[in-house]
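Undergrad: So TrEMBL lists the following for this protein:
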DOMAIN    53-500  domain 'Major facilitator superfamily (MFS) profile'
TRANSMEM  49-77  transmembrane segment
TRANSMEM  89-106  transmembrane segment
TRANSMEM  118-136  transmembrane segment
TRANSMEM  142-164  transmembrane segment
TRANSMEM  176-195  transmembrane segment
TRANSMEM  207-229  transmembrane segment
TRANSMEM  306-326  transmembrane segment
TRANSMEM  346-366  transmembrane segment
TRANSMEM  373-396  transmembrane segment
TRANSMEM  408-435  transmembrane segment
TRANSMEM  447-468  transmembrane segment
TRANSMEM  474-496  transmembrane segment
Amino acid sequence: MGYSNFGGGNNLDDSHEQLIERNPPRNVCSETVADNDHGHLKKPKINKFALICAIMASVANALLGYDIGVMSGAVIYIKDQFSISDVQVELLVGTLNIYSLFGSIAAGRSSDWIGRRYTFVIAAANFLAGALLMGLSTSYTFLMIGRFFAGIGVGFACTVAPVYTAEVAPASYRGFLTTFPEVFNNVGILIGYVSNYGFSKLPANQGWRFMLGIGAVPSVILAVGALVMPESPRWLVMQGRLADARRVLDKISDTKEESRHRLDDIKEAAGIPRDHNDVVAGRKRTTGEGVWKDLIIHPTRRVRHVLLCALGIHFFQQAIGFDTVILYSPRIFEKAGITSNNEKLLATVAMGVMKLVFVLVAMILLDKVGRRPLLLTSYAGVFVSLATLATSLTVIERDPTETVPWAVVVSVSMVLSAVAFFSIGAGPVTLVYSAEIFSLRLRAQGIGLGMVVNRVVSGAISMTFLSLYKAITIGGAFFLFAGVSVVGFVFFFLFYPETQGKTLEEIEGLFGSFLHWRSADFKGGKEEEVNEGEI
C-alpha cells in the first residue's frame, strides 16, 4: 500500500493482508500480564478512564431501553385516552424502529465526518425533542411526530455507542466494556418499567405523559457527557491527528508502552507509516467516502464474510421476536391470565430485573468463555423457552373461560426464561461482535448498516405482532419465533469465528473463509488463501 494514496478513498481492506504479513500485529493488549511476585500470569486491571468513557457512551443506549420499557405500559393508557385501534397501537409502538433507520444511516456517515463525540450530541438533541413532544402530545398525530424525533435519536445512539466503546477498549477486556451499551439498554428498560408502575398511580390522562416526558433526563446527561469525554483515538488517526490520538491512548492504556503499540497497530490498519508521530501532512480528511462502495458494490472476500456475520447477527436478534416480549409484555401476561393493570406492570418490573441481572452475568463471562459459547447457549435457551411458552399459551387459549393454573405459571416462567437466555447472549453479544469485526475504515458505516437491518426487522415484527397473533393465535406466533431461533443457532455455529482476546486489528485476519474458518491456517493474522468459489 503506497503512503501517497492513503486517505483518498482507496480500499484499505484489499491490501490489509499484505500489510499484516509484513508487520504482524502484536497483542500488547493481551489478556494477561506478568505477575513478578508469584511468577504466574494474571488479568490486567481495568483502566478507570476507559471504564468512564464506556459508561458515558453507553448512556446513549439507555435512551432506547427506556423508550421500549416505558411504551409497553404507557400505551395501555394512550389507547384509552385517544381511543385508538390495535393497528394504531402497532404503528405507535413499531414506527420508532422505522424512524431510527434514518438515524442509523446518518450516524455512520456523521461519526466519520464530525467524530463520535458530536454524533452523541445529535442523538441526545433528537431524543430530547422527541421525549418533550410525546409528553406534551394533545393528539395521536402529535404523538407520532414525537416518535419520529425519538426514533432519529435512537438510531444515532445505537449506532455510535458500540463503535466508540469498542474503539476505546483494550482487547483484554473489550468484551466486558463493549457490553456496557447492552447493560445500559437493560437499565433503561427496567427504569421504564418502574416508571410505568410509579406513574400509573397518577390520573390516567397525566400518568402516561410523565412516563414519556421523563425520557428527556437521560438525553441531557448524554449531551453533557459527550462534550467532556475524549474523541475515539481510531477516528483521530483516520484524520491524521496522531498526537491527539496518542494523548487519548495514554489515558485509556495502562502503560506508555501499551499505548505506543496500540497506536502502531491502528496506524498500520489506517495505512500510516510507523515513523509518523504527529499530524500527517497532506492527510485527506476522512468523511467515509468510498466506504459504501467497498461494503456493498465491490467487497473483498473478507468483507463479504464480515458483512454476512454482522447483518446476520442483527437480523436474528430481532427475528426471534424478542422485542414483542418486551413491548407487548402486558398483553402476553393478560393472555396468560393476569388481568389487573397493576399486576401486569409489576410482572414487567420482574422481567426487567431478570433481564438486567443476566446481562450483567454475560458481561462477566464474555472475556472468560468467549462470544460463540454464549451466543449458541442463548439461542438454544430461547428456542426451548419460546416453544414451551407457545405450548402453554395454546393450552390457555383452548378454553379462555377456564383458568389453567399450571399453564399460567409456566407461561410467566417461560417469559422470564426467554428474557434470561436472550440477555446472556443474543442481546450483548450482538453489539460486541458487530463492533469488533469491521476494519477501522469500514467500522462506523458497517455498524450503521447492521443497525438498519436490526431496526427494520424489529419494526416489521413489532408493527405486525398483534395482527399476527390474531391470525395464527399467540401460541402459533411464538412457535414461529422458536423456529427462527433454531435457524439462527445453525447459522452462528457455521459462520462465526471466535474473537475473544484479540485486538481489533488482529480480528480482521479471522474472516474470509466462510464455512471453512475452522480449518483456515492463520499465521500472524493472515489466513491461508481460500478458493473464491468455496463457501
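Each residue, glycine too, has its Cβ placed from N, Cα and C.
Remember, TrEMBL labels are computer predictions, not curated facts.
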Undergrad: When each of 176-195, 207-229, 306-326, 346-366 is checked against the transmembrane segment (474-496) for Cβ pairs under 8 Å, which one has the most?
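TA: Checked against 176-195, 207-229, 306-326, 346-366; highest Cβ contact count belongs to 306-326.
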Undergrad: Okay, the transmembrane segment (49-77) and the transmembrane segment (142-164): do they have at least three CB pairs under 8 Å, pairs separated by 6 or more?
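TA: Answer yes, regions in contact.
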Undergrad: The domain 'Major facilitator superfamily (MFS) profile' (53-500): mean pLDDT?
TA: 87
